[in-house]
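Q: Straight from TrEMBL, here's the annotation block:
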- A:15-116: domain 'Cyclic nucleotide-binding' (DOMAIN)
- A:130-198: domain 'HTH crp-type' (DOMAIN)
Protein chains: 2
Amino acid sequence: MITVELLEKYGVIKKSFDKNDIIFEEGNLPLHYYQIISGEVKMSNYNDDGREFIQGIFYNGQSFGEPPLFLNQKYPANAIAVENTEIFILPKENFIKLLEDNPKVSIKIIENLAQRLYYKSVMAAEISTHEPEHRVLKLIDHGIAYFNFQKDKNGYLINFTRQQIGDLTGLRVETVIRTIKTLEKKGELKIINRKVYR
Amino acid sequence: MITVELLEKYGVIKKSFDKNDIIFEEGNLPLHYYQIISGEVKMSNYNDDGREFIQGIFYNGQSFGEPPLFLNQKYPANAIAVENTEIFILPKENFIKLLEDNPKVSIKIIENLAQRLYYKSVMAAEISTHEPEHRVLKLIDHGIAYFNFQKDKNGYLINFTRQQIGDLTGLRVETVIRTIKTLEKKGELKIINRKVYR
DNA sequence: CTCGTTTTATGATTTTAATCATAAAATGGA
DNA sequence: TCCATTTTATGATTAAAATCATAAAACGAG
(Lines of atoms letter the chains of each structure in order from A and count residues from 1; the text may use other names and numbers.)
(Lines give C-alpha, C1' and ligand atoms only; values in the text may rest on other atoms or scores of the structure.)
Protein backbone atom coordinates (compact mmCIF):
# COMPACT_ATOMS: atom_id res chain seq x y z
CA MET A 1 0.00 0.00 0.00
CA ILE A 2 1.35 3.36 -1.08
CA THR A 3 0.26 6.50 0.81
CA VAL A 4 -2.29 8.83 -0.76
CA GLU A 5 0.10 11.79 -0.54
CA LEU A 6 2.79 10.00 -2.49
CA LEU A 7 0.36 8.72 -5.12
CA GLU A 8 -1.08 12.20 -5.61
CA LYS A 9 2.40 13.67 -5.99
CA TYR A 10 2.85 11.39 -9.00
CA GLY A 11 -0.47 12.22 -10.64
CA VAL A 12 -2.77 9.44 -9.52
CA ILE A 13 -6.41 9.56 -10.59
CA LYS A 14 -9.47 8.06 -8.90
CA LYS A 15 -11.91 5.92 -10.80
CA SER A 16 -15.21 4.31 -9.80
CA PHE A 17 -16.39 0.90 -10.92
CA ASP A 18 -19.87 -0.53 -10.52
CA LYS A 19 -20.47 -4.05 -9.30
CA ASN A 20 -19.36 -6.58 -11.96
CA ASP A 21 -17.45 -3.97 -13.99
CA ILE A 22 -14.28 -5.23 -15.64
CA ILE A 23 -11.15 -3.37 -14.51
CA PHE A 24 -8.80 -5.15 -16.90
CA GLU A 25 -8.93 -8.34 -18.93
CA GLU A 26 -6.75 -11.41 -19.36
CA GLY A 27 -4.48 -10.92 -22.36
CA ASN A 28 -4.26 -7.12 -22.13
CA LEU A 29 -0.94 -5.40 -21.62
CA PRO A 30 -0.66 -3.64 -18.24
CA LEU A 31 -0.47 0.14 -18.36
CA HIS A 32 -1.32 1.12 -14.77
CA TYR A 33 -0.78 0.51 -11.09
CA TYR A 34 -4.08 -0.16 -9.24
CA GLN A 35 -4.76 0.41 -5.54
CA ILE A 36 -8.18 -0.02 -3.98
CA ILE A 37 -9.69 2.92 -2.06
CA SER A 38 -12.93 1.15 -1.15
CA GLY A 39 -14.87 -1.87 -2.32
CA GLU A 40 -13.75 -5.33 -3.39
CA VAL A 41 -11.98 -6.73 -6.46
CA LYS A 42 -11.47 -10.30 -7.61
CA MET A 43 -8.90 -11.58 -10.08
CA SER A 44 -10.03 -14.69 -11.90
CA ASN A 45 -9.70 -16.94 -14.92
CA TYR A 46 -12.34 -18.71 -16.94
CA ASN A 47 -11.61 -21.95 -18.74
CA ASP A 48 -13.21 -22.99 -22.03
CA ASP A 49 -16.32 -24.33 -20.28
CA GLY A 50 -16.81 -21.02 -18.49
CA ARG A 51 -15.63 -22.48 -15.20
CA GLU A 52 -14.07 -19.83 -12.98
CA PHE A 53 -10.92 -19.95 -10.87
CA ILE A 54 -10.45 -17.04 -8.46
CA GLN A 55 -6.78 -16.12 -8.12
CA GLY A 56 -7.38 -13.75 -5.26
CA ILE A 57 -9.74 -11.23 -3.66
CA PHE A 58 -8.53 -7.75 -2.75
CA TYR A 59 -9.86 -5.08 -0.39
CA ASN A 60 -9.26 -1.49 0.84
CA GLY A 61 -5.66 -0.37 0.60
CA GLN A 62 -4.52 -3.39 -1.40
CA SER A 63 -2.93 -3.25 -4.83
CA PHE A 64 -3.32 -5.86 -7.55
CA GLY A 65 -2.08 -6.69 -11.03
CA GLU A 66 1.55 -5.64 -10.46
CA PRO A 67 3.40 -8.80 -11.56
CA PRO A 68 2.74 -8.46 -15.30
CA LEU A 69 3.32 -4.70 -14.99
CA PHE A 70 6.89 -5.34 -13.83
CA LEU A 71 7.44 -8.04 -16.46
CA ASN A 72 5.86 -6.36 -19.50
CA GLN A 73 3.72 -9.44 -19.92
CA LYS A 74 0.03 -9.82 -20.59
CA TYR A 75 -2.38 -10.10 -17.68
CA PRO A 76 -2.87 -13.79 -16.83
CA ALA A 77 -6.34 -13.13 -15.38
CA ASN A 78 -9.26 -10.70 -15.33
CA ALA A 79 -9.86 -8.10 -12.61
CA ILE A 80 -13.52 -7.54 -11.77
CA ALA A 81 -15.25 -5.33 -9.19
CA VAL A 82 -17.21 -7.61 -6.83
CA GLU A 83 -19.15 -4.61 -5.52
CA ASN A 84 -19.09 -0.87 -6.23
CA THR A 85 -15.43 0.02 -5.92
CA GLU A 86 -13.21 3.10 -6.02
CA ILE A 87 -9.63 2.71 -7.21
CA PHE A 88 -6.47 4.80 -7.44
CA ILE A 89 -4.96 4.44 -10.91
CA LEU A 90 -1.39 5.49 -11.67
CA PRO A 91 0.16 5.28 -15.17
CA LYS A 92 3.03 2.83 -15.42
CA GLU A 93 5.75 5.42 -16.14
CA ASN A 94 4.73 7.50 -13.13
CA PHE A 95 4.67 4.37 -10.98
CA ILE A 96 8.20 3.37 -12.06
CA LYS A 97 9.38 6.93 -11.37
CA LEU A 98 7.75 6.82 -7.93
CA LEU A 99 9.61 3.59 -7.14
CA GLU A 100 12.95 4.95 -8.33
CA ASP A 101 12.54 8.07 -6.22
CA ASN A 102 11.30 6.19 -3.12
CA PRO A 103 13.34 3.07 -2.34
CA LYS A 104 11.33 2.34 0.78
CA VAL A 105 8.23 1.79 -1.33
CA SER A 106 10.09 -1.02 -3.12
CA ILE A 107 10.42 -2.84 0.18
CA LYS A 108 6.65 -2.51 0.69
CA ILE A 109 6.03 -3.91 -2.79
CA ILE A 110 8.40 -6.80 -2.09
CA GLU A 111 6.58 -7.65 1.14
CA ASN A 112 3.26 -7.53 -0.64
CA LEU A 113 4.39 -9.80 -3.48
CA ALA A 114 6.02 -12.13 -0.94
CA GLN A 115 2.72 -12.40 0.92
CA ARG A 116 0.81 -13.26 -2.23
CA LEU A 117 3.44 -15.78 -3.30
CA TYR A 118 3.21 -17.39 0.12
CA TYR A 119 -0.58 -17.76 -0.22
CA LYS A 120 -0.24 -19.22 -3.71
CA SER A 121 2.38 -21.72 -2.57
CA VAL A 122 0.18 -22.95 0.23
CA MET A 123 -2.96 -23.19 -1.90
CA ALA A 124 -1.16 -24.81 -4.85
CA ALA A 125 0.01 -27.65 -2.61
CA GLU A 126 -3.46 -27.93 -1.09
CA ILE A 127 -5.28 -28.03 -4.40
CA SER A 128 -3.02 -30.63 -5.93
CA THR A 129 -2.48 -33.06 -3.08
CA HIS A 130 -5.22 -32.70 -0.48
CA GLU A 131 -8.86 -33.74 -0.16
CA PRO A 132 -11.73 -31.25 -0.15
CA GLU A 133 -12.00 -30.98 3.65
CA HIS A 134 -8.35 -30.05 4.03
CA ARG A 135 -8.50 -27.56 1.15
CA VAL A 136 -11.57 -25.76 2.46
CA LEU A 137 -10.21 -25.51 6.01
CA LYS A 138 -6.87 -24.19 4.78
CA LEU A 139 -8.58 -21.52 2.70
CA ILE A 140 -10.75 -20.50 5.64
CA ASP A 141 -7.81 -20.32 8.03
CA HIS A 142 -5.87 -18.27 5.53
CA GLY A 143 -8.86 -16.03 5.11
CA ILE A 144 -9.06 -15.37 8.84
CA ALA A 145 -5.50 -14.09 8.71
CA TYR A 146 -5.57 -12.20 5.41
CA PHE A 147 -9.08 -11.56 4.11
CA ASN A 148 -11.29 -9.27 6.13
CA PHE A 149 -13.28 -11.79 8.17
CA GLN A 150 -14.89 -10.34 11.29
CA LYS A 151 -15.04 -12.03 14.67
CA ASP A 152 -18.25 -12.06 16.70
CA LYS A 153 -19.70 -14.20 19.49
CA ASN A 154 -19.96 -17.25 17.19
CA GLY A 155 -16.36 -17.02 15.98
CA TYR A 156 -15.02 -15.68 12.69
CA LEU A 157 -17.70 -15.17 10.09
CA ILE A 158 -16.49 -16.59 6.79
CA ASN A 159 -18.17 -14.15 4.43
CA PHE A 160 -17.65 -16.11 1.24
CA THR A 161 -20.42 -17.86 -0.63
CA ARG A 162 -20.07 -21.64 -1.16
CA GLN A 163 -19.51 -20.83 -4.82
CA GLN A 164 -16.62 -18.47 -4.02
CA ILE A 165 -15.00 -21.08 -1.79
CA GLY A 166 -15.30 -23.51 -4.69
CA ASP A 167 -13.78 -21.07 -7.16
CA LEU A 168 -10.87 -20.44 -4.79
CA THR A 169 -10.19 -24.12 -4.06
CA GLY A 170 -10.98 -25.69 -7.42
CA LEU A 171 -14.04 -27.52 -6.09
CA ARG A 172 -17.62 -27.59 -7.33
CA VAL A 173 -20.25 -25.79 -5.31
CA GLU A 174 -22.09 -29.03 -4.42
CA THR A 175 -18.85 -30.51 -3.15
CA VAL A 176 -18.20 -27.40 -1.03
CA ILE A 177 -21.69 -27.56 0.47
CA ARG A 178 -21.27 -31.23 1.39
CA THR A 179 -17.72 -30.67 2.66
CA ILE A 180 -18.79 -27.81 4.91
CA LYS A 181 -21.58 -29.97 6.36
CA THR A 182 -19.08 -32.73 7.10
CA LEU A 183 -16.70 -30.24 8.71
CA GLU A 184 -19.55 -29.00 10.87
CA LYS A 185 -20.33 -32.55 11.99
CA LYS A 186 -16.67 -32.97 12.90
CA GLY A 187 -16.81 -29.78 14.95
CA GLU A 188 -14.29 -27.91 12.80
CA LEU A 189 -16.75 -25.12 12.07
CA LYS A 190 -20.26 -23.90 12.78
CA ILE A 191 -23.20 -23.22 10.49
CA ILE A 192 -25.66 -20.70 11.93
CA ASN A 193 -28.57 -19.97 9.63
CA ARG A 194 -26.51 -20.86 6.55
CA LYS A 195 -23.59 -18.68 7.52
CA VAL A 196 -20.26 -20.36 8.21
CA TYR A 197 -18.27 -19.58 11.37
CA ARG A 198 -14.83 -20.79 12.45
CA MET B 1 20.18 -12.61 -9.10
CA ILE B 2 22.65 -10.54 -7.09
CA THR B 3 26.23 -10.12 -8.37
CA VAL B 4 29.04 -12.10 -6.73
CA GLU B 5 30.98 -8.91 -5.90
CA LEU B 6 28.06 -7.42 -4.01
CA LEU B 7 27.31 -10.65 -2.14
CA GLU B 8 30.96 -10.99 -1.12
CA LYS B 9 31.02 -7.41 0.11
CA TYR B 10 28.27 -8.39 2.58
CA GLY B 11 29.98 -11.54 3.81
CA VAL B 12 28.39 -14.29 1.76
CA ILE B 13 29.61 -17.85 2.26
CA LYS B 14 29.59 -20.77 -0.19
CA LYS B 15 28.17 -24.13 0.77
CA SER B 16 28.03 -27.44 -1.06
CA PHE B 17 25.13 -29.85 -0.95
CA ASP B 18 25.10 -33.43 -2.19
CA LYS B 19 22.26 -34.82 -4.25
CA ASN B 20 19.12 -35.20 -2.08
CA ASP B 21 20.52 -33.07 0.77
CA ILE B 22 17.99 -30.92 2.56
CA ILE B 23 18.77 -27.19 2.37
CA PHE B 24 15.90 -26.14 4.62
CA GLU B 25 12.71 -27.71 5.83
CA GLU B 26 9.03 -26.78 5.91
CA GLY B 27 8.19 -25.20 9.25
CA ASN B 28 11.66 -23.75 9.92
CA LEU B 29 12.14 -20.02 10.34
CA PRO B 30 14.20 -18.44 7.52
CA LEU B 31 17.60 -17.11 8.51
CA HIS B 32 19.38 -16.76 5.15
CA TYR B 33 19.20 -15.65 1.56
CA TYR B 34 20.04 -18.46 -0.88
CA GLN B 35 21.39 -18.08 -4.41
CA ILE B 36 22.47 -21.04 -6.54
CA ILE B 37 26.01 -21.06 -7.96
CA SER B 38 25.67 -24.40 -9.74
CA GLY B 39 23.41 -27.41 -9.60
CA GLU B 40 19.64 -27.70 -9.17
CA VAL B 41 17.23 -27.21 -6.27
CA LYS B 42 13.58 -28.13 -5.89
CA MET B 43 11.10 -26.73 -3.41
CA SER B 44 8.36 -29.15 -2.54
CA ASN B 45 5.68 -30.24 -0.10
CA TYR B 46 4.67 -33.69 1.04
CA ASN B 47 1.15 -34.46 2.15
CA ASP B 48 0.23 -37.01 4.82
CA ASP B 49 0.38 -39.90 2.35
CA GLY B 50 3.89 -38.90 1.29
CA ARG B 51 2.64 -37.54 -1.99
CA GLU B 52 4.88 -34.75 -3.29
CA PHE B 53 3.99 -31.41 -4.85
CA ILE B 54 6.88 -29.53 -6.44
CA GLN B 55 6.48 -25.76 -5.99
CA GLY B 56 9.34 -24.93 -8.30
CA ILE B 57 12.75 -25.94 -9.62
CA PHE B 58 15.67 -23.53 -9.53
CA TYR B 59 18.98 -23.38 -11.41
CA ASN B 60 22.27 -21.40 -11.68
CA GLY B 61 21.98 -17.79 -10.64
CA GLN B 62 18.47 -18.14 -9.22
CA SER B 63 17.49 -17.42 -5.64
CA PHE B 64 14.79 -19.21 -3.67
CA GLY B 65 13.03 -19.11 -0.31
CA GLU B 66 12.80 -15.31 -0.06
CA PRO B 67 9.07 -14.82 0.56
CA PRO B 68 9.02 -16.17 4.14
CA LEU B 69 12.33 -14.38 4.78
CA PHE B 70 10.66 -11.04 4.08
CA LEU B 71 7.56 -11.98 6.08
CA ASN B 72 9.19 -13.59 9.14
CA GLN B 73 7.04 -16.63 8.51
CA LYS B 74 7.91 -20.30 8.50
CA TYR B 75 8.96 -21.96 5.26
CA PRO B 76 5.84 -23.37 3.53
CA ALA B 77 7.92 -26.06 1.75
CA ASN B 78 11.21 -27.97 1.79
CA ALA B 79 14.24 -27.08 -0.33
CA ILE B 80 16.20 -30.10 -1.58
CA ALA B 81 19.25 -30.39 -3.82
CA VAL B 82 18.21 -32.39 -6.92
CA GLU B 83 21.88 -32.92 -7.81
CA ASN B 84 25.20 -31.86 -6.28
CA THR B 85 24.76 -28.13 -5.79
CA GLU B 86 26.80 -25.13 -4.67
CA ILE B 87 24.97 -22.23 -3.06
CA PHE B 88 25.76 -18.70 -1.85
CA ILE B 89 24.32 -18.21 1.63
CA LEU B 90 23.92 -14.76 3.15
CA PRO B 91 22.62 -14.17 6.71
CA LYS B 92 19.29 -12.36 6.85
CA GLU B 93 20.61 -9.20 8.55
CA ASN B 94 23.37 -8.81 5.95
CA PHE B 95 20.83 -9.35 3.17
CA ILE B 96 18.50 -6.67 4.54
CA LYS B 97 21.48 -4.30 4.87
CA LEU B 98 22.48 -5.08 1.27
CA LEU B 99 18.96 -4.20 0.09
CA GLU B 100 18.85 -0.96 2.05
CA ASP B 101 22.21 0.12 0.64
CA ASN B 102 21.40 -0.91 -2.94
CA PRO B 103 17.92 0.12 -4.07
CA LYS B 104 18.47 -1.25 -7.56
CA VAL B 105 18.72 -4.75 -6.12
CA SER B 106 15.19 -4.33 -4.74
CA ILE B 107 13.92 -3.87 -8.27
CA LYS B 108 15.64 -7.11 -9.29
CA ILE B 109 14.03 -8.91 -6.35
CA ILE B 110 10.63 -7.48 -7.30
CA GLU B 111 11.01 -8.69 -10.89
CA ASN B 112 12.02 -12.12 -9.67
CA LEU B 113 9.06 -12.43 -7.27
CA ALA B 114 6.74 -11.09 -9.97
CA GLN B 115 7.96 -13.79 -12.35
CA ARG B 116 7.34 -16.54 -9.82
CA LEU B 117 3.92 -15.16 -8.94
CA TYR B 118 3.05 -15.11 -12.62
CA TYR B 119 4.03 -18.79 -12.97
CA LYS B 120 2.01 -19.73 -9.89
CA SER B 121 -1.05 -17.85 -11.14
CA VAL B 122 -0.96 -19.64 -14.46
CA MET B 123 -0.40 -23.08 -12.96
CA ALA B 124 -3.00 -22.61 -10.21
CA ALA B 125 -5.68 -21.92 -12.82
CA GLU B 126 -4.46 -24.87 -14.91
CA ILE B 127 -4.43 -27.32 -12.02
CA SER B 128 -7.86 -26.39 -10.78
CA THR B 129 -9.85 -26.03 -13.99
CA HIS B 130 -8.12 -27.85 -16.85
CA GLU B 131 -7.74 -31.46 -17.97
CA PRO B 132 -4.42 -33.31 -17.85
CA GLU B 133 -3.47 -32.62 -21.49
CA HIS B 134 -3.84 -28.87 -21.07
CA ARG B 135 -1.95 -28.88 -17.76
CA VAL B 136 1.00 -30.85 -19.09
CA LEU B 137 1.33 -28.73 -22.21
CA LYS B 138 1.15 -25.50 -20.22
CA LEU B 139 3.88 -26.70 -17.89
CA ILE B 140 6.07 -27.71 -20.82
CA ASP B 141 5.56 -24.40 -22.61
CA HIS B 142 6.36 -22.52 -19.45
CA GLY B 143 9.44 -24.69 -19.01
CA ILE B 144 10.69 -23.82 -22.48
CA ALA B 145 10.58 -20.15 -21.51
CA TYR B 146 11.82 -20.36 -17.92
CA PHE B 147 13.45 -23.68 -17.08
CA ASN B 148 16.67 -24.53 -18.84
CA PHE B 149 15.37 -26.72 -21.68
CA GLN B 150 17.79 -27.04 -24.61
CA LYS B 151 16.84 -26.97 -28.27
CA ASP B 152 18.26 -29.49 -30.73
CA LYS B 153 17.25 -30.87 -34.13
CA ASN B 154 14.16 -32.58 -32.63
CA GLY B 155 12.92 -29.46 -30.86
CA TYR B 156 13.14 -28.53 -27.18
CA LEU B 157 14.17 -31.44 -24.97
CA ILE B 158 11.89 -31.52 -21.93
CA ASN B 159 14.35 -32.80 -19.37
CA PHE B 160 11.86 -33.66 -16.66
CA THR B 161 10.93 -37.21 -15.70
CA ARG B 162 7.26 -38.18 -15.98
CA GLN B 163 7.20 -38.25 -12.19
CA GLN B 164 8.48 -34.65 -11.98
CA ILE B 165 5.84 -33.50 -14.46
CA GLY B 166 3.27 -35.20 -12.27
CA ASP B 167 4.57 -33.56 -9.10
CA LEU B 168 4.49 -30.14 -10.79
CA THR B 169 0.98 -30.52 -12.22
CA GLY B 170 -0.72 -32.50 -9.46
CA LEU B 171 -1.11 -35.61 -11.64
CA ARG B 172 -0.09 -39.21 -11.02
CA VAL B 173 2.82 -40.61 -12.96
CA GLU B 174 0.65 -43.12 -14.87
CA THR B 175 -1.68 -40.32 -15.90
CA VAL B 176 1.29 -38.26 -17.12
CA ILE B 177 2.63 -41.19 -19.16
CA ARG B 178 -0.75 -41.77 -20.81
CA THR B 179 -1.30 -38.04 -21.35
CA ILE B 180 2.08 -37.61 -23.03
CA LYS B 181 1.31 -40.53 -25.35
CA THR B 182 -2.00 -38.94 -26.29
CA LEU B 183 -0.30 -35.60 -26.91
CA GLU B 184 2.22 -37.36 -29.15
CA LYS B 185 -0.62 -38.95 -31.16
CA LYS B 186 -2.16 -35.50 -31.54
CA GLY B 187 1.17 -34.16 -32.83
CA GLU B 188 1.64 -31.72 -29.94
CA LEU B 189 4.98 -33.26 -28.98
CA LYS B 190 7.45 -35.96 -29.93
CA ILE B 191 8.75 -38.98 -28.02
CA ILE B 192 12.19 -40.10 -29.22
CA ASN B 193 13.51 -43.06 -27.26
CA ARG B 194 11.46 -42.15 -24.23
CA LYS B 195 12.60 -38.53 -24.20
CA VAL B 196 9.98 -35.84 -24.73
CA TYR B 197 10.50 -33.05 -27.31
CA ARG B 198 8.34 -30.05 -28.07
C1' DC C 1 30.24 -55.42 -15.77
C1' DT C 2 26.72 -56.28 -12.41
C1' DC C 3 22.88 -55.59 -9.63
C1' DG C 4 19.71 -52.66 -7.35
C1' DT C 5 17.00 -48.66 -8.28
C1' DT C 6 14.53 -45.61 -11.12
C1' DT C 7 11.87 -44.69 -15.06
C1' DT C 8 8.64 -45.82 -18.45
C1' DA C 9 4.85 -48.66 -19.69
C1' DT C 10 0.11 -50.99 -19.83
C1' DG C 11 -4.10 -53.19 -18.34
C1' DA C 12 -7.87 -53.76 -14.83
C1' DT C 13 -10.41 -51.86 -11.11
C1' DT C 14 -11.90 -48.52 -7.85
C1' DT C 15 -12.87 -44.25 -5.82
C1' DT C 16 -14.14 -39.72 -5.54
C1' DA C 17 -15.65 -35.61 -6.93
C1' DA C 18 -18.15 -33.94 -10.97
C1' DT C 19 -22.29 -33.90 -13.15
C1' DC C 20 -27.20 -33.97 -13.59
C1' DA C 21 -31.67 -33.07 -11.77
C1' DT C 22 -34.54 -30.71 -8.82
C1' DA C 23 -36.13 -27.56 -5.28
C1' DA C 24 -36.53 -24.65 -1.12
C1' DA C 25 -34.84 -20.53 1.00
C1' DA C 26 -32.93 -16.12 0.77
C1' DT C 27 -31.82 -11.89 -1.45
C1' DG C 28 -32.34 -7.73 -3.95
C1' DG C 29 -34.16 -4.71 -7.39
C1' DA C 30 -38.05 -2.60 -9.59
C1' DT D 1 -44.30 -6.39 -2.08
C1' DC D 2 -43.46 -9.11 -5.94
C1' DC D 3 -40.66 -11.65 -8.91
C1' DA D 4 -36.29 -12.91 -10.88
C1' DT D 5 -31.95 -14.32 -9.46
C1' DT D 6 -28.75 -16.23 -6.36
C1' DT D 7 -27.58 -19.27 -2.79
C1' DT D 8 -27.98 -23.37 -0.31
C1' DA D 9 -29.42 -28.01 -0.37
C1' DT D 10 -29.90 -33.18 -1.47
C1' DG D 11 -30.16 -37.47 -4.06
C1' DA D 12 -28.77 -40.33 -8.10
C1' DT D 13 -25.57 -41.22 -11.67
C1' DT D 14 -21.39 -40.80 -14.26
C1' DA D 15 -16.86 -39.98 -15.71
C1' DA D 16 -12.20 -39.40 -15.12
C1' DA D 17 -8.19 -39.91 -12.87
C1' DA D 18 -6.29 -42.54 -9.05
C1' DT D 19 -5.05 -46.81 -7.57
C1' DC D 20 -3.42 -51.46 -7.93
C1' DA D 21 -0.73 -54.87 -10.17
C1' DT D 22 2.94 -56.10 -12.93
C1' DA D 23 6.96 -55.79 -15.90
C1' DA D 24 10.42 -54.28 -19.29
C1' DA D 25 13.93 -50.95 -20.16
C1' DA D 26 17.32 -47.78 -18.71
C1' DC D 27 20.38 -45.90 -15.47
C1' DG D 28 23.97 -45.55 -12.11
C1' DA D 29 26.88 -46.66 -8.18
C1' DG D 30 30.32 -49.71 -6.84
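Every residue, even glycine, has its Cβ placed from backbone N, Cα and C.
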Q: If you run through the domain 'Cyclic nucleotide-binding' (A:15-116) with DSSP, how many residues end up as helix, strand and coil?
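A: Going through the domain 'Cyclic nucleotide-binding' (A:15-116) residue by residue, I get 30 helix, 39 strand, 33 coil.
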Q: Which residue counts does DSSP give the domain 'HTH crp-type' (A:130-198) for helix, strand and coil?
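A: Each residue of the domain 'HTH crp-type' (A:130-198) counted once, the result is 36 helix, 12 strand, 21 coil.
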